[in-house]
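Enquirer: There's a structure below that I have some questions on.
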Amino acid sequence: MKVLVTVKRVVDYNVKVRAKSDGTGPELGNVKMSINPFCEIAVEEAVRLKEAGVATEVVIVSVGDKSCQEQIRSALALGADRGIHVEAEGSLQPLAIAKLLEAVVDREEPELIIMGKQSIDGDNNQTGQMLAALTGRPQGTFASKLDIADGKAQVIREIDGGLQTVSLALPAIVTTDLRLNEPRYASLPNIMKAKRKPLDTLTASELGVDTVSKVTLVSAEPPATRQAGIKVASVSELVEKLKNEAKVI
Amino acid sequence: MSILIVAEHDNASLKAATLNTVTAASEIGGDIHILVAGSDCQAAADAAASVAGVSKVLVADNAAYGHQLAENLAPLVAEVAGDYSHVLAPATTSGKNLMPRVAALLDVDQVSDIIAVVSADTFKRPIYAGNVIATVKNEEAIKVITVRGAAFDASAAEGGSAEQTNVGAAHDAGISSFVGEEVAKSDRPELTAAKVVVSGGRGMQNGDNFALLEAIADKVGGAVGASRAAVDAGFVPNDMQVGQTGKIVAPELYVAVGISGAIQHLAGMKDSKVIVAINKDEDAPIFQVADYGLVADLFEALPELSEQL
């Protein structure tokens with residue numbers, strides 16, 4: 001079966017992003033960009049399905065400006081077969097991205113779509129669920145285990161109290177949680193090979209999707225800073241401070 | 001203007017996060033209605049009817065809604081939502097699973113995980129792991145929003161007497177089914193609602209050593225949490241994880257033991273009122289946010305702390 005995997009280009013998770021001093025948004029000049037960690041897990045899962053003989057083709061799709069082709073190439077180097085870049089400028093809300101992906105899904109007709117549960121920039125945790133709604137497909141969100149058998153996807157989901165298992169009719173959409181797998185690193189020969197893999201480009205207007213959103217950023221500010229704390233010398237001093245100064249125990 | 005809250009419940013009682021969402025709704029202003037959709041959920045509906053500030057409880061009692069599968073629940077919420085200006089749910093795994101599906105069915109954008117209400121259409125929410133607070137304006141006709149429980153006080157669970165009505169057709173999409181559930185057992189308070197949280201990281205070395213944290217948690221009536229490192233190392237189950245990708249907590253007291261303080265972890269706990277760090281590395285980033293830091297070997301400090309409490 002064909003598996004479609006979405007990847008997003010985001011600020012590397014080790015970078016501490018700050019708000020711009022004029023409050024117009026986050027400061028993103030000259031910061032390191034990478035594949036969103038949850039998308040990396042999605043790619044890994046798809047490649048493992050291919051290695052297990054379950055998937056026949058793994059297609060990577062990314063929405064954004066030209067620079068996100070770099071992340072598609074990285075995903076191809078991890079073992080995916082081909083890439084689709086949906087070119088769209090500006091900052092897109094999850095609904096617009098889901099609509100663009102819906103158009104790609106209509107063209108590609110994958111039997112399984114694997115996405116990250118959230119991107120670490122917007123922290124929205126919406127796109128997978130929205131795409132599932134738009135395409136009328138079942139969703140297995142926050143997956144920590146995925147099994148494909150008999151035309152169904154069995155997904156173990158991480159929920160607040162523990163784990164939940166659901167069975168989904170294929171085609172289905174699965175969003176990855178951190179514990180689904182440990183993504184591999186790309187080897188140099190595979191990075192070289194990935195440069196020759198096919199990568200198609202589509203545009204939002206070609207797909208007939210309006211990407212204008214009614215949710216807009218008004219301002220961005222740093223979070224309230226905490227007052228500098230003190231170091232205590234002993235456990236008894238700590239207990240004394242908590243009891244008498246902070247009064248929390 | 002009226003506001004619909006999708007209750008989180010286990011068919012028998014309301015989950016605490018629903019009460020925080022009621023407070024967020026009251027800050028937006030307007031009539032507050034709660035939708036309780038489930039299977040044999042009358043007890044949860046009665047609990048919702050007695051929440052202070054709620055004027056109406058909509059009950060959708062059907063086997064299809066028993067396990068809160070988004071495929072069945074989302075069409076119901078979208079059907080009911082037409083009469084409302086706002087549809088809110090707690091930003092728990094259940095709310096996060098359901099609400100974007102509802103928003104897409106309504107063809108509106110969603111605002112996730114709000115931490116403050118500026119006005120009826122403007123909200124604050126953290127982005128980039130809480131390193132930036134964004135103020136966003138939502139001009140959709142129906143505003144679909146999830147609410148961070150830790151950012152709003154809980155509304156009183158008693159004192160209300162809302163009327164109850166049955167709503168909605170039974171939606172069974174038939175494309176997903178519930179297979180089973182494995183719920184971690186704990187006698188301690190729920191992590192997201194606890195007044196004190198004692199968390200351990202990689203420095204705990206193994207799962208057995210978490211007993212040291214449990215001893216302290218039990219003395220102060222707190223919950224035990226963990227960093228992603230401790231979960232990934234298999235010390236404790238993953239529903240104990242505090243952080244950007246785990247649970248967001250804001251207790252009165254957060255004690256971080258053997259936790260370095262990575263960005264991802266801080267995103268889940270830096271709104272705690274008082275933070276205590278116990279770490280033997282005096283350069284650990286956790287000390288930059290801790291109100292009280294103790295540079296010590298946790299295996300010496302924890303038993304001593306437990307004894308003195």
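Glycine too: its Cβ is placed from the backbone N, Cα and C atoms.
As annotated in TrEMBL:
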BINDING   B:ARG202, B:227-228, B:241-245, B:258-265, B:ASN279  FAD binding site
DOMAIN    B:3-182  domain 'Electron transfer flavoprotein alpha/beta-subunit N-terminal'
Enquirer: So which of the binding-site residues is most packed in, judged by how many other Cβ atoms lie within 10 Å of its Cβ, out of B:ILE259, B:ALA262?
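Expert: It comes out as B:ILE259.
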Enquirer: For B:ALA262 (FAD binding site), just give me the three-state DSSP call.
Expert: coil
Enquirer: What residue among the binding-site residues B:ARG202, B:HIS265 has the most other CB atoms lying within 10 A of its CB?
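Expert: The most densely surrounded of these binding-site residues is B:HIS265.
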Enquirer: With the cut-off set at 10 Å between Cβ atoms, which of these binding-site residues ends up with the most neighbours? Options: B:GLN241, B:GLN244.
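Expert: Result for the most crowded candidate: B:GLN241.
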Enquirer: Is there any among the binding-site residues B:ILE259, B:ALA262, B:HIS265 whose Cβ is under 8 Å from chain A, and which ones, in sequence order?
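Expert: The binding-site residues close to chain A: there are none.
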